[in-house]
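K.L.:
Next up is a structure, given as structure tokens.
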Amino acid sequence: MKILTAAQTREADAYTIQEEGISSAELMERAAKAFTGWFENKFQPGGEVHIFCGPGNNGGDGLAVARLLHERNYNVQPYLVGDISKASDDFETNLERLPQDLQTIHVEQEAAIPNLIGKGSCVIDALFGTGLNRPVTGLYAKVLEALNSSGVTVTSIDIPSGLYTDSQTPEDGAIVRAQYTVSFELPKLAFLLPQHEPFVGEWHVVSIGLSQQFISEVNTNYFCTKQEDVQRLLKLRKKFSHKGLYGHALLLCGGYGKMGAAVLAARACLRSGVGLLTVQVPQAGYPILQTAVPEAMTLTDRNRKHLSELPQDIQKYDVIGTGPGIGTERVTKTAIGQLLATSSHPTVIDADAINLIAASDKLKAQLYKKKLIFTPHPKEFERLVGKVKNDYDRLQHLREFCMEYGCYVVLKGSHTAVGTPEGKVYFNTTGNSGMATGGTGDVLTGIITALVGQQYTLEEACLLGVYVHGLAADLAFPSLGDIAMTASDVIDHLPKAFLHLTQLMP
Ligand SMILES: NC(=O)C1=CN([C@@H]2O[C@H](COP(=O)(O)OP(=O)(O)OC[C@H]3O[C@@H](n4cnc5c(N)ncnc54)[C@H](O)[C@@H]3O)[C@@H](O)[C@H]2O)[C@@H](O)CC1
Ligand SMILES: [K+]
């Protein structure tokens, strides 16, 4: 699914209006109906619904929603905020369409801002949408601050008012803190960035029938990975298949005191369909690996505690995964250096392997034109690219790093972002807060390594791997919740996750 900029959304609106020969007010009516449908499912009629409308089309949506909810017996109070003498045409149209018995209140100065504290009311925020073109200050900021401090449940139409759609909101701009955001047709880039969680709340997308042709043809660097996207990638197994068809993976993982990381990566790799798995561990890890993961073949490093060498017959493997639990000893750095210098294998690089590379210009110089997938969390990513200023800056660094080195980066987070060598970014849509626990990253390394071994392209392996990792956690959630969930629980739910995807295939 594509993510459009505010400007592209305006173009999509205009294109749809022209293509279908409808008026912009008719498109607004569709948007208002779609929002109202969502709202009716969420909130019962009963309490007061205060609707704050700004002077643009977002405010027009608010007025149309006021009419529709009024028709459905909601107790609605619309407010017109600020100077509405230059309001948009569709705002005016919907103001005129309000029924006689629905009185608006005009908030022209601070003293007129209603006090909603302790009223337990419900607010619909229709002050500004994608047309916001400067920080919100003055009277509008006062209204947003009053809503934020009132404790009422705010639902934003299209986007929380004050939040920029696709660039950093200036610090002096007020932003409403919505509990729910209902976006038209597609999610906005702003929703996917962790820094905006307090403003966006839980977001939903409702369709308003924007032109699919426009959306499919428009160019964008940002995408959301949905179930239908990964189902297109999934390869079903043939009846006459054998383990040789699904790749032989090598994991260089684990160290003294961190053998669990190797066990988790190995178990996840096996649960993700790899044909054969060999794990090389320091000597101290041999009995652990052999006992915990009997399906894996185990090689031992000559070093007792740390990874220090590559296996001699490294050519025979189809894919390598490294990083989890390896530590940052000098001998390990040498081994990672050898791996980068001598191997042409597709390689998944995680955790301390990233830290070792980030700390060495010599190792970094070896990264060009290889088949590499990095799987950093934000701190590891900053070690690679330097300190970032905000989430947009992080995205920019992500794209630049991938384009410079021709690699993939799986930047882990609530909406894990997969960066590609072409400078595209794919945000994942599965997963939950139960995954914020040690070891889930090791699991992801195992999954992606297994998928690359099965001849998925690096891009497919990243997208499918990240999706299925989050899906497994989502399937674990109903019985385990997020507090008690562990990385092993995610592995245990991988079978269900793969089944879920294959059974739903057309
Ligand atoms: N264009 C269309 O056909 C459709 C638009 N829709 C709605 O329209 C919204 C976009 O509408 P608009 O483009 O009219 O823009 P907005 O309603 O977001 O706001 C634009 C208005 O606010 C003013 N403004 C912008 N920033 C301000 C600030 N910081 N302080 C004070 N005033 C400010 C502008 O001068 C303009 O008058 C969408 O988010 C969506 O809610 C939907 O109804 C779907 C159809
Ligand atoms: K809004």
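Here the Cβ of each residue, glycine as well, is placed from N, Cα and C on the backbone.
Checked TrEMBL, it gives:
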DOMAIN    9-216  domain 'YjeF N-terminal'
BINDING   57-61, 129-135, Tyr140, Asp158, Ala261, Gly325, His377, Asp442  (6S)-NADPHX binding site
BINDING   Asn58, Asp125, Ser161  K(+) binding site
DOMAIN    226-501  domain 'YjeF C-terminal'
BINDING   Lys412, Gly413, Ser414, His415, Thr416, Gly441  AMP binding site
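Distances, neighbours, how buried they are, the whole picture for these features please.
P.N.:
Its Cβ placed at the centre, Thr130 ((6S)-NADPHX binding site) has 24 other Cβ atoms within 10 Å.
Ser161 (K(+) binding site) falls outside any helix or strand according to DSSP and counts as coil. Sequence-distant neighbours of Ser161 (K(+) binding site): residues of the same chain at least 6 apart with a C-beta under 8 Å from its C-beta are Phe52, Gly54, Asn58, Asp125, Ala126, Leu127, Phe128, Gly129, Leu132, Val136, Tyr140, Leu144, Ile175, Val176.
Note on Gly441 (AMP binding site): other Cβ atoms within 10 Å of its Cβ, all shown chains, come to 25.
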K.L.:
In the predicted model, what is the mean pLDDT computed over the domain 'YjeF N-terminal' (9-216)?
P.N.:
96
K.L.:
Select the closest residue to Gly325 ((6S)-NADPHX binding site) from the following binding-site residues, measuring between CA atoms: Lys412, Thr416, Gly441.
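P.N.:
Spatially nearest to Gly325 ((6S)-NADPHX binding site) by Cα position is Gly441.
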K.L.:
What does DSSP assign Gly325 ((6S)-NADPHX binding site), in three states?
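P.N.:
Where Gly325 ((6S)-NADPHX binding site) sits, the three-state DSSP reduction gives coil.
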K.L.:
Tell me the Cβ neighbour count for Gly325 ((6S)-NADPHX binding site), meaning other Cβ atoms within 10 Å of its Cβ, over all protein chains shown.
P.N.:
27
K.L.:
So which binding-site residues out of Asn58, Asp125, Asn133, Ser161, Gly441 are up against ligand 2, CB under 6 A?
P.N.:
Asn58, Asp125, Ser161
K.L.:
Ligand 1: which of the binding-site residues Asn57, Thr130, Tyr140, Lys412, Ser414 have a Cβ closer than 6 angstroms to it?
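P.N.:
Passing the 6 Å Cβ check against ligand 1: Asn57, Thr130, Tyr140.
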K.L.:
Translate the DSSP assignment of Asp125 (K(+) binding site) into the three-state scheme.
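P.N.:
Reduced to three states, the DSSP call for Asp125 (K(+) binding site) is strand.
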K.L.:
Looking at Cβ-Cβ distances, which residues of the chain lie under 8 angstroms from Thr416 (AMP binding site) while being 6 or more apart from it?
P.N.:
Val410, Phe427, Asn428, Gly431, Val466, Gly470
